[in-house]
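In what follows, a structure is listed as structure tokens, so that the remarks can point back to it.
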Amino acid sequence: MEPNDSTSTTMEEPESLEVLVKTLDSQTRTFIVGAQMNVKEFKEHIAASVSIPSEKQRLIYQGRVLQDDKKLQEYNVGGKVIHLVERAPPQTQLPSGASSGTGSASATHGGGPPPGTRGPGASVHDRNANSYVMVGTFNLPSDGSAVDVHINMEQAPIQSEPRVRLVMAQHMIRDIQTLLSRMECRGGSQAQHSQPPSQMPTVAPEPVALSSQTSESVESEVPPREPMAAEEVEERASAQSPGLSPSGPAPAGPTPAPETNAPNHPSPAEYVEVLQELQRLESRLQPFLQRYYEVLGAAATTDYNNNQEGREEDQRLINLVGESLRLLGNTFVALSDLRCNLACAPPRHLHVVRPMSHYTTPMVLQQAAIPIQINVGTTVTMTGNGTRPPPTPNAEAPPPGPGQASSLAPSSTTVESSTEGAPPPGPAPPPAASHPRVIRISHQSVEPVVMMHMNIQDSGTQPGGVPSAPTGPLGPTGHGQTLGQQVPGFPTAPTRVVIARPTPPQSRPSHPGGPPVSGALPGAGLGTNASLAQMVSGLVGQLLMQPVLVAQGTPGMAPPPAPATASASAGTTNTATTAGPAPGGPAQPPPPQPSASDLQFSQLLGNLLGPAGPGAGGPGMTSPTITVAMPGVPAFLQGMTDFLQATQTAAPPAPPPPPPPPPPAPEQQTAPPPGSPPGGAGSPGGLGPESLPLEFFTSVVQGVLSSLLGSLGARAGSSESIAAFIQRLSGSSNIFEPGADGALGFFGALLSLLCQNFSMVDVVMLLHGHFQPLQRLQPQLRSFFHQHYLGGQEPTPGNIRTATHTLITGLEEYVRESFSLVQVQPGVDIIRTNLEFLQEQFNSIAAHVMHCTDSGFGARLLELCNQGLFECLALNLHCLGGQQMELAAVINGRIRRMSRGVNPSLVSWLTTMMGLRLQVVLEHMPVGPDAILRYVRRVGDPPQPLPEEPMEVQGSERTSPEPQRENASPAPGTTAEEAMSRGPPPAPEGGSRDEQDGAAAETEPWAAAVPPEWVPIIQQDIQSQRKVKPQPPLSDAYLSGMPAKRRKTMQGEGPQLLLSEAVSRAAKAAGARPLTSPESLSRDLEAPEVQESYRQQLRADIQKRLQEDPNYSPQRFPNAHRAFAEDP
């Protein structure tokens, strides 16, 4: 980090020192102070800038704490970096090396930099710069103490960016009013630190917490900027507006989301009110500006040696006026992008010309006393041959960095089609085929949760982005930080990376996602792929290492906002891994990976490099925008299952597993099975037209992962397996060893195999539709299935069916448990439906693994797994009567069972995110109802004909269900990851488990003898009791109330139902011996008449006890008389 250029001139003055102060948030400020100033005076000098009282400051240089009574010159700190810490460090700290791209944050004391001359490496940023937009209400202690930080997320309507801009402006106006009040009422009480957003009439409908701070909690640059009138700031913002929109103007009217709660765009009258209030503030500020000019004009020579009070007053004025100017400038820049298209039909509303991402710079959002680390990525513009590069936003961004309003409203897309049909204002937009492609990635490197989603916005008839599956709770030990939420249409996290690509060259390779471009030459321009891959991977990977508060939503087509409450507490590192669409795919939880391989990475970068390719959505399609929120480096592993999942804009997808990608039109929902990709697919192996070669794809992913995981000790270019990666992080050596506690049973062993052979790059490739990792794993899979699946038998069709029946039948209890609490369609046997469906799917997968030997092994296997997942979802949705909420309840119930022992808030967040993504998946389901009707089984239907061997196996399975349950059911204390590894089997049936219980109950003899409402309760008790150890003879209530020591001695006591055992125990207790031999006594006691007498006596004793026991209630035990009546 380098000081501002303006400081170089003052460095020559021998009587002054240039000191760089680095704070805990990794920001560096440059101060020019007198060489004779002592440490105490220096602390007072910088106190207002760093928002830390001088008495709490600790300055550290070369490992030593600077003493207050010594002079700075004695420590030789000129031009050096001093580290500043508080006496009690804040709860959430940013690693010191995490922010490498930040520049000097403050101007010099002698003179600020001239306006507009800010280089890329010297961007100005401070904590209050963008602390105004945030979704959810934060419940934070005011005293700075923190345990878990909870986000209270309510149902937030979709917000619009113009509304966000006005809200930001109003909050900054409030801050300016506070500063003016402090200047007008000298020595008055300090203004409030933050205003509850709910009190703002503008945001009353939305529960959007907009944290506003005064300069007290702001890192205001003590060496203030040069005086600059608000009008100048406005002019600068206006002058720079055209140059700051490399990505093109935004539409006058954003496309409304499918939900009813459309964005609430503000009217021009509201804009006028805000401008009038700004005008009033400027008039109030004028007298202080005059004094500000006078003080600064004489600052170079004024002698304050005998006028300490005057110096403090002037310094206070400089700080407050400078802060007011900064807020005023931010306000003007935030408002300067608002436009009103007069060509639209009334009522007209405001829209924005460019998103805030073009202004954003790293900062720290701080509310109450807990700083929340936020980084907003810089804007990177890529240009191609033959195109005019747009101006770089970094070099021209106004100093206030208004984009610090880290929110990009529902139209966080940079380009969107105008619904009114009027041309959007601003710079003339390029032709439809050359609209910029924008990639936004929000990443948090230490959060224990992962949220990733993507939306490629296309024409109105196109389905929205297929949601990704949230992953299990992950996070490095020691981080209990705020986690993110997804509120579609109102992303609260600042965008990490914005790569704007204007007017891409026509020679770029084609990709299946963009509009067709005449003359596109697939394969052309590949010579620059190597350097481009290096640039993209290095850029994204480096920027992803910056922590960011996550809350990014998909624009337009996002699912309805149903944010969850989430909290992350420090704890052990849980390591959840999902093997992606691996051979065990059908047994994986359906929602997590329903759309794996939906979108190839070529489409992601294709959007960046330019539109081209057959099968595009047509000329009416607008520029796709991809939004990815990615918190958590460890979570990145499991987050791979969610990465880049969006709908294909072309007809059934180009990737090898066509089934997952939802077709663009309803009539295509009955798309042919994956084996026959549509006409768009031209490359061998069933792959669709790829705009980028596999080598380029792999190099980019490898580069990103290397940069991303570098902090976790991953070697550059390493192909470390997932198992090795997790074992290295956790310090355990048996996480993925077959037979270990965390990986029992067939599916656990299969997961172990995949994790030991797949690297994270392989998983990313699989999720983008590249089957090469599966192709490479063919020998190991075949050997594994032969040993663990067939038990060494020959892979004949009969043996495969028998093994499949044995395996899937063991899942019956899980299917029954999953559907025990939902309403199934009348007459549907949900258990049989799921079991037989799984048998058929897994049978085809196993047969393919055992018999396929050609080069199409991997592509077909990936296709089968994805097809099975989508059909499983469609089938269970049909069995549940089309009730998406019921299906979500089944899946979330399974998640909760697998996540016992995990932080409940994380589980709640996970289930809510799953519901959001499931809804979008189901809305664009590529499998039609006709395709799954053949799997539906009705109550009373004859059983499906099976070979004789499976029937025998079924009998043996039913007689000994315990081993299967033991292998497939996660213990209550398992981690989410272990549960995930074992949970997949039940989850696929997860679509309709409650119905299974209901249907099964009707076939059980006891079900008819109890009220219907008791059936699910009893079934649940039965399931839970089967999983616990046998209880001692005494009642649970009696034992639970007994002292532990006595309970231990009482184990096994109680009445014996067998007379021989009762007599034998009584004889031993009394020390008596039978007159005859023990065998003779046993034979006598087993005589029928003796047994009957004993039975009658036992019944009589119990009846007497029931009659005399005052605690016995016949109403509570209505069936007791059946067991102990006179007549058996």
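Each residue, glycine too, has its Cβ placed from N, Cα and C.
Annotated features in Swiss-Prot:
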- 95-108: compositional bias 'Low complexity' (COMPBIAS)
- S96: phosphoserine (MOD_RES)
- T117: phosphothreonine (MOD_RES)
- 189-201: compositional bias 'Polar residues' (COMPBIAS)
- 236-630: region '4 X 29 AA approximate repeats' (REGION)
- 238-247: compositional bias 'Low complexity' (COMPBIAS)
- 248-257: compositional bias 'Pro residues' (COMPBIAS)
- 388-402: compositional bias 'Pro residues' (COMPBIAS)
- 403-412: compositional bias 'Low complexity' (COMPBIAS)
- 502-515: compositional bias 'Pro residues' (COMPBIAS)
- 564-581: compositional bias 'Low complexity' (COMPBIAS)
- 583-594: compositional bias 'Pro residues' (COMPBIAS)
- 602-630: repeat '4' (REPEAT)
- 652-677: compositional bias 'Pro residues' (COMPBIAS)
- 678-688: compositional bias 'Gly residues' (COMPBIAS)
- S960: phosphoserine (MOD_RES)
- S969: phosphoserine (MOD_RES)
- 1008-1050: motif 'Nuclear localization site' (MOTIF)
- T1049: phosphothreonine (MOD_RES)
- 1062-1072: compositional bias 'Low complexity' (COMPBIAS)
- S1077: phosphoserine (MOD_RES)
- S1113: phosphoserine (MOD_RES)
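Counting Cβ atoms from all protein chains shown, S1113 (phosphoserine) has 10 others lying within 10 Å of its own Cβ. Neighbour density for S1077 (phosphoserine): within 10 A of its CB lie 9 other CB atoms from the protein chains shown.
Looking just at the motif 'Nuclear localization site' (1008-1050), the mean pLDDT is 74. Broken down with DSSP, the compositional bias 'Low complexity' (1062-1072) shows 9 helix, 0 strand, 2 coil. Reported as a whole number, the C-alpha separation between S1077 (phosphoserine) and S1113 (phosphoserine) equals 45 Å.
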